[in-house]
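Beneath this line is the structure, given in structure tokens, with notes to follow.
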Amino acid sequence: MENATTINETLVEEVYNMTMSYFEHNVIIMKYFPFLASILTIAFTAWKMGKSTFKVTKTVAGSGFKVVRVIVITIFNCIMRLFGSKTEIVSDDRLDALASKILAQINNQVKVIEQLTKRELEQVKLLADIYEMLKFKKDEVDMSFETNKKEYEKWVKDPYQPTRAVSLD
């Protein structure tokens with residue numbers, strides 16, 4: 001059993017070394033290897049998953065035209081991403097969904113701005129009222145002390161004591 005393991009390990013090492021030596025001498029393949037590997041991976045995945053994806057898409061979409069349109073748009077988007085483009089092709093259905101989502105976000109932002117504006121206006125009004133209360137005017141006389149003094153004297157006064165003094169002489 002150990003001999004079989006060592007044979008497999010040496011075989012893997014030899015294949016690895018042969019592959020690396022081939023790539024070392026071929027500069028073009030080495031330079032574009034990540035790009036070629038990604039293309040081969042996408043092609044292999046599309047080949048393996050093509051039929052099942054087509055069947056599922058046809059049952060969901062309902063018509064063959066929509067399926068073909070979705071597949072073509074997806075392929076173009078994959079190709080554009082491979083070449084480094086940030087833009088993507090969007091179908092009409094997705095475009096309508098994106099537009100409605102954007103409009104909903106704009107409406108939410110407008111509501112938030114209105115609430116914040118209302119709060120700010122209330123705060124400004126409150127600050128103006130506080131300023132008016134704190135502002136001292138010389139022509140106005142503050143009667144609160146006198147009023148409070150009168151009320152204090154009434155409260156301290158004994159209700160059972162006669163209001164005027166009567167002399168007994």
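Glycine is no exception: its Cβ is also placed from the backbone N, Cα and C atoms.
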From N8, N17, pick the one Swiss-Prot annotates as N-linked glycosylation site? N8
For E120 (Ca(2+) binding site): intrachain residues, at least 6 apart, with Cβ closer than 8 Å: none
Looking only at the topological domain 'Lumenal' (1-28), what is the mean pLDDT? 66
